[in-house]
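Participant: Reproduced below are the annotations present in Swiss-Prot:
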DISULFID  Cys69-Cys72  disulfide bond
DOMAIN    30-167  domain 'Thioredoxin'
TRANSMEM  10-27  transmembrane segment
Amino acid sequence: MKIKKLLKNGLSLFLTFIVITSILDFVRRPVVPEEINKITLQDLQGNTFSLESLDQNKPTLLYFWGTWCGYCRYTSPAINSLAKEGYQVVSVALRSGNEADVNDYLSKNDYHFTTVNDPKGEFAERWQINVTPTIVLLSKGKMDLVTTGLTSYWGLKVRLFFAEFFG
């Protein structure tokens, strides 16, 4: 009898958590700039690209983060693993210092995802990003999904799976 009650309470707590995080993601949802695919970006290696120039047959994970962000310390390793597995990842280092500072941080943490430095937060402002980390999943040039705050490798992997096969 106790196990049944424990399972019922656990399920109730889990569903409440899912509802609350979904509401928070909806409220924190960024606004996609109209010219999303035309925006030219430059990564820390000096490569210039646009979101449109990325493979449109694969979902793109756009990851807004900061070196100062506590939750990002837990999310960035998951993002790095996904990038190593071949997923398209473009990260935006938000207000994290100059390029040398960001490169140093990436190197110290052994992160190898494509990174654009946004030292003044101008790019993030165009998206109305108010929370880090914010992860925007782009599919065929459109925003497919958004998640904010702490998220896991498996949570992202499931989202990417759905974007690849149903997006």
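Every residue gets a Cβ built from N, Cα and C, even glycine.
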Participant: Give the sequence-ordered list of residues that share a chain with Cys69 (disulfide bond), lie 6 or more positions from it, and have CB atoms under 8 Å from its CB.
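Facilitator: Listed in sequence order: Thr132, Pro133.
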Participant: Check the domain 'Thioredoxin' (30-167) for me and report the mean pLDDT.
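Facilitator: Averaged over the domain 'Thioredoxin' (30-167), the predicted model reaches a pLDDT of 89.
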Participant: Ten-angstrom check, please: count other Cβ atoms within 10 Å of the Cβ of Cys72 (disulfide bond), all chains counted.
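Facilitator: Neighbour count, Cβ to Cβ under the 10 Å cut-off: 22.
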Participant: Summarise the domain 'Thioredoxin' (30-167) by DSSP state, stating how many residues are helix, strand and coil.
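Facilitator: Each residue of the domain 'Thioredoxin' (30-167) counted once, the result is 48 helix, 38 strand, 52 coil.
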